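A.B. asks: Quick one: the structure is below, questions incoming.
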Amino acid sequence: MSRLLMMCAQYSNCPKGYTSCLPHSFSLPLTSNEHLFCSVVLIDHGSVTVSSRSRKIRQTPFLCIMCDSFVDCPPLGLESMRVHDSQIRASSTLRTGLGPHRGRLNIQSGIEDGDMYDGAWCARHEDKNQWLEVDAVHLTKFTGVILQGRNSIWSWDMVETYKVQLSNDSYKWQTCMNGTQEAIFQGNLNTETPVLALLPVPTVARYIRINPQTWYSNGTICLRAEILGCRVKDPTDIYASEEDRVSNDNLDFRHHNYKDMRTLMKSVNDECPNITRIYTIGRSYMGLKLYVMEISDNPGKHELGEPEFRYVAGMHGNEVLGRELVLNLMQYLCQQFKEGNERIVRLITETRIHLLPSMNPDGYEVAYEKGSELAGWADGRFSYEGIDLNHNFPDLNNIMWNAQEKALEKSQDTSKVPNHYIPMPEYYTNEDAMVAPVTRAVINWMEEIPFVLSANLHGGELVVTYPYDCTRDWAPKEDTPTADNAFFRWLATVYASTNLVMSNPDRRICHYEDFQRHNNIINGGAWHTVPGSMNDFSYLHTNCFEVTVELSCDKFPHASELPVEWENNKESLLVYMEQVHRGIKGVIRDKQTKKGIADAIIKVDDHEHDIRSAEGGDYWRLLNPGEYKIIVWAVGYFPSMRRCTVGMEPRATICDITLTKTPAEVLKQIRARGGKVPQDVQLRVRALRLKKLRASTKVLNQRRESQRLSRHSSKARAAARKA
């Protein structure tokens with residue numbers, strides 16, 4: 001607890017609410033996470049004098065002072081797009097694509113300079129009279145400015161120092177003071193690292209200007225910015241009723257580091273022990289566990305015929321909104337199940353749900369350490385070893401496409417080329433393969449559970465992408481559809497059309513791509529090629545269909561925006577999970593023993609993508625409404641065919657199939673004629689590669705654990721010597 005003694009001159013004409021200025025000395029207690037500031041509001045007349053042990057503010061016209069304790073104010077929302085383009089003005093503009101609407105923190109430019117979507121606001125003139133102005137609409141206690149240079153692969157432009165000016169009417173301006181002199185704030189030393197400058201005295205006004213004073217000598221005046229400020233109650237504000245939309249759900253809306261995340265997950269498990277289970281699938285390079293929350297009416301067990309669903313968040317550690325949404329989702333499902341919400345009860349009763357909030361905990365901790373506005377565009381994106389996890393899965397696309405091309409060259413039937421359950425390449429299973437521990441853990445997880453549907457939650461854009469992510473022939477971008485393109489488009493549309501921001505026709509683009517032209521969905525390869533993506537691997541190596549959801553323009557939204565983001569995504573998260581019950585499902589059984597047959601191949605006629613039955617013989621094939629011819633085959637059995645119809649109802653059609661074993665006599669006859677008995681070689685190779693991957697992973701994990709213990713022991717010895 002600290003105390004700060006302040007003197008404040010009384011001024012009777014200060015606005016209502018600014019009455020803390022007393023004609024005598026007084027002191028205020030402060031908690032450890034607060035700072036005492038004098039807030040300054042601009043008025044038309046009068047003057048006051050304020051002094052303290054740590055600073056002096058000279059007698060200044062047009063100021064009223066309110067001394068109060070101050071907790072960090074949130075961003076106005078330039079990065080998150082809460083600030084509309086019409087609220088941003090500038091003294092001049094180099095060209096349209098470098099207009100004031102582009103002066104938003106972390107905004108990204110296209111590859112080509114000179115288009116409509118460049119990476120900053122840039123002034124036409126290089127002098128000290130240039131400014132970027134933001135209208136907060138309401139009276140706001142401004143506390144700080146965050147600055148970046150221009151995002152460009154061709155240019156190097158940034159502001160090195162600047163002044164801040166404030167106004168209530170955008171005509172009369174007061175320069176921010178530092179004691180008796182105009183404050184000069186430090187800008188950028190490079191173009192990408194955000195730099196925070198706190199105002200010496202938080203000041204109440206409506207308008208704020210950033211006034212560059214010096215800039216990079218070989219560049220020009222360009223900047224991207226975010227403004228920090230708290231809205232002030234103003235009885236004269238005609239827009240006062242326009243408060244920010246908040247959530248009515250009683251959820252923990254804040255950012256959770258590793259420790260906080262574990263605590264929250266345990267609290268959900270304690271609150272709903274009958275429908276939740278926490279388990280781990282592995283560790284990160286730094287030893288942080290990958291925690292998963294299972295939500296089911298029978299947790300810990302796969303129930304015959306019940307589909308498995310997963311959400312994965314935090315693949316890129318600095319894209320944190322997905323992490324918080326998944327944590328919110330597990331709280332919400334628990335609460336609503338207890339309250340008897342019929343929709344949630346049905347979902348949990350009929351689905352086994354798995355929620356992985358942080359696939360890249362090492363990266364997240366890096367971003368969390370810097371904070372929501374200061375992590376920049378890439379800090380924490382990669383794993384500890386510097387790996388982009390969305391390029392770290394085996395590239396099975398090109399293995400399949402190359403096999404198809406070889407078949408064509410030999411005039412062979414390409415339908416005989418495996419289109420599912422494709423084994424990972426052998427090099428990928430080696431100890432020295434550049435495969436992150438978390439990637440290995442997720443692959444093993446995919447193998448252990450027969451997932452049907454998944455979504456990979458990212459950030460930095462507003463769009464839903466669907467496979468394939470990798471293009472043929474290494475084209476930079478090219479529409480590359482799967483055999484299930486129609487259903488993938490349906491999945492993407494389900495999420496995008498129910499997301500409150502994506503479905504808003506008046507929203508502006510995040511950076512330089514207008515995804516609204518595509519109804520906020522796009523084929524991954526048509527956006528940009530991503531070899532080794534988790535989506536493509538999931539589709540080609542397992543039965544699971546997966547899309548990527550880019551949740552927001554802002555990769556690391558401020559905690560104050562989390563309630564709104566939850567409301568934006570809540571319905572989308574729920575309705576997407578419900579799609580796991582579309583198509584057909586059933587059990588493949590032995591006609592004689594009635595036992596389920598594992599690894600039976602389920603082929604849909606005219607669809608060049610097959611799936612396999614799970615260990616108990618159950619299967620799920622996601623399909624759009626229509627009539628389908630289903631052919632099932634398994635080693636040692638005669639093939640079987642059945643027609644199944646998928647209706648418009650949001651529930652799967654039951655399509656059980658029985659197989660008859662091939663008699664031993666028939667097999668003998670085939671061998672006698674010199675024929676070959678069909679064997680599932682692909683399945684055997686796949687299992688062998690997985691076994692080798694698990695073995696190499698075990699060796700690497702033991703090696704890292706030994707190194708970690710050694711480092712810990714060394715630190716302990718060093719601490720003991722100092723003591």
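Backbone N, Cα and C atoms are what each Cβ position is placed from, and that goes for glycine too.
Residues annotated as active site, proton donor/acceptor in TrEMBL: Glu550. According to TrEMBL, the feature compositional bias 'Basic residues' maps to 709-723. Per TrEMBL, the feature domain 'F5/8 type C' maps to 71-230. Summarising the annotation, TrEMBL assigns domain 'Peptidase M14' to 254-580. The region 'Disordered' feature in TrEMBL is assigned to 701-723.
Map the listed features onto the structure and describe their local environment.
C.D. replies: Around the Cβ of Glu550 (active site, proton donor/acceptor), a 10 Å sphere holds 25 further Cβ atoms from the protein chains shown.
Beyond the compositional bias 'Basic residues' (709-723), no same-chain residue lying 6 or more positions past its ends has a Cβ under 8 Å from any Cβ of the stretch.
Summarising model confidence by region, the domain 'Peptidase M14' (254-580) averages a pLDDT of 95.
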A.B. asks: For the compositional bias 'Basic residues' (709-723), jot down how many residues DSSP puts in helix, in strand and in coil.
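C.D. replies: Summed by class, the stretch gives 14 helix, 0 strand, 1 coil.
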